[in-house]
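Asker: Pasting a structure below so you can have a look.
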């Protein structure tokens, strides 16, 4: 069996993984994911047609959203889980198909059949056919390289939207227009009548809905847990057993804190859960100790030393070592064969974390990795509350430039560029960050400017929305019509599909001169890249000295 996956930055030789994913995903799982995406596109064909007929089904919307999320890099490695998801996709497809066919016949007096693509009809009961189908329906679905590139770019952007919409939905925030675009975009990726220009327009529309979805999630998080506050976050440990919670799901964080209170078990965040330390609703828990460790790719060593159980709420999961595999718990859309999965919450109920809590009680306290504190909680509400101070610092020359260094971290040695770039920035610059890219520089002693820390961490990757809001409000304060006229530069590190969504969102907002690295996406063809360069002046990283000179000159 073979595979072809190039959806992440670390793909082999920046061309594609064909034997096994660098992420650890085996070829059989990669092919099952391709089949699931194929059937989801078939579901979205009916859901998109249905909306034109007044047919909506929230169960269908949620199924597509959640299953797209399951295919994001480092979320789910479980062969059996994807087999089950494909089987369920047939049932969901039949459910929406029946509703749409009925309405179509009522309106037009004939069946929809002559318009239906193969992904809306394909069916098999033989699981072996799932695997062979995956090789057939993978990433090269068209003979046109640029069409393929744009279809993949659109699909990955929609995956990121689905991930953010999933988190908002968990907190009872939803937007039907987001679901509608999700279906429209997926259906478009199998429509051979669409031209390159049509797909470019859809990619830009994906950026629009990326902004809308991040705004929705910001609303969900802040209404549920308050606006993040500037916070000194502990990175040391205490002498109690603990649970390490990783991923992005704040609802899981809330329920874990509630259920561990008074048990003698401490809670620590890891990776992208670090920003949870800045939310007012979570600060009231005395057993919420702080953050343990660094970015996702270092988890093999750090999970080993944590000693207690680890709860993976979303990505990024690295295939666990046998030495601690029995301490890994997954939940939500995360999956890995051979580890304990905590089921989804019932309507109106909390998830049951009793098993992981009892496990923690039997474990030793975490081994100390480091001591001290790091700053966090500088989302848009906190920064804009001192906007006058920031504006004054710019006007009097204390702050010469802001550099947005949001995005993802990863294994590649080339990412040391971001550490060196942060160190090399002049003392009159401020770094605005969100996402796990922060771990490349958030523990450096970069000082402050008039009491404003030189690294302002807005939060998780979805909190890139905060950076956009900050830039827009600064443009208003300086009475600028074009956001590109601000002393703000963008040096973005990408890794997976949510970063694609963030990038498309920035492009939709008209942001130009984005530096992107550490490599350009393998799925972007030369012609598509030329469009991005010509229209948005996007460029790859080169080296610290060269990029720094250009960025400080506003180039």
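Backbone N, Cα and C define each Cβ position, glycine as well.
Remember, it's a predicted structure, so these values are computed and weren't measured experimentally.
Not my notes, these are from Swiss-Prot:
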type	residues	note
BINDING	5, 8, 17, 23	[4Fe-4S] cluster binding site
BINDING	248, 272, 316, 408, 436, 461, 496, 498	hybrid [4Fe-2O-2S] cluster binding site
MOD_RES	408	cysteine persulfide
Asker: Including all protein chains displayed, how many Cβ atoms other than that of residue 436 (hybrid [4Fe-2O-2S] cluster binding site) lie within 10 Å of its Cβ?
Answerer: 25
Asker: Distance check, please: Cα of residue 496 (hybrid [4Fe-2O-2S] cluster binding site) against Cα of residue 23 ([4Fe-4S] cluster binding site), rounded to an integer number of angstrom.
Answerer: 11
Asker: Check each residue in the chain of residue 5 ([4Fe-4S] cluster binding site) that is at least six apart in sequence and keep those whose C-beta is under 8 Å from its C-beta; list them in sequence order.
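Answerer: For residue 5 ([4Fe-4S] cluster binding site), the qualifying residues are 11, 16, 17, 21, 25, 30, 33, 139.
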Asker: Cα distance, residue 461 (hybrid [4Fe-2O-2S] cluster binding site) to residue 8 ([4Fe-4S] cluster binding site), nearest Å?
Answerer: 15
Asker: Ranking the binding-site residues 248, 498 by other Cβ atoms within 10 Å, which is at the bottom?
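Answerer: Selected from the binding-site residues 248, 498 on minimum Cβ neighbours within 10 Å: 248.
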Asker: What Cα-Cα separation, expressed in whole Å, is found between residue 461 (hybrid [4Fe-2O-2S] cluster binding site) and residue 23 ([4Fe-4S] cluster binding site)?
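Answerer: Cα of residue 461 (hybrid [4Fe-2O-2S] cluster binding site) to Cα of residue 23 ([4Fe-4S] cluster binding site) measures 19 Å after rounding.
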Asker: Spatially, which candidate from the binding-site residues 248, 316, 436, 498 is nearest to residue 23 ([4Fe-4S] cluster binding site), comparing Cα atoms?
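Answerer: Comparing Cα positions, the candidate nearest residue 23 ([4Fe-4S] cluster binding site) turns out to be 316.
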Asker: Hey, which of the binding-site residues 8, 17, 408 is the loneliest by Cβ count within 10 Å?
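Answerer: Minimum Cβ neighbour count within 10 Å, taken over the binding-site residues 8, 17, 408, occurs at 17.
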Asker: According to DSSP, which of helix, strand or coil covers residue 17 ([4Fe-4S] cluster binding site)?
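Answerer: The residue in question, residue 17 ([4Fe-4S] cluster binding site), is strand (DSSP, three-state).
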Asker: Between the binding-site residues 272, 496, whose Cβ has more other Cβ atoms within 10 Å than any of the rest?
Answerer: 272
Asker: Determine, for the hybrid [4Fe-2O-2S] cluster site, the additional residues of the same chain whose CB lies within 8 Å of the mean position of the CB atoms of 248, 272, 316, 408, 436, 461, 496, 498; present them in sequence order.
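Answerer: Counting only non-site residues, the set is 271, 296, 315, 435, 460, 495, 499.
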Asker: Using the CB centroid of 5, 8, 17, 23 as the [4Fe-4S] cluster site centre, which other residues of the same chain sit with their CB within 8 A?
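Answerer: Leaving out the recorded residues gives 6, 7, 10, 11, 16, 21, 22, 25, 30, 73.
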Asker: Restricting to the chain of residue 316 (hybrid [4Fe-2O-2S] cluster binding site) and a gap of 6 or more, list residues whose Cβ falls under 8 Å of its Cβ, or answer none.
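Answerer: Listed in sequence order, they are 73, 74, 75, 246, 247, 271, 272, 296, 297, 299, 436, 496.
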Asker: Using DSSP with the three-state reduction, classify residue 496 (hybrid [4Fe-2O-2S] cluster binding site) as helix, strand or coil.
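Answerer: Where residue 496 (hybrid [4Fe-2O-2S] cluster binding site) sits, the three-state DSSP reduction gives coil.
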Asker: Have a look around residue 461 (hybrid [4Fe-2O-2S] cluster binding site) and count the other CB atoms within 10 A of its CB, chains all included.
Answerer: 27
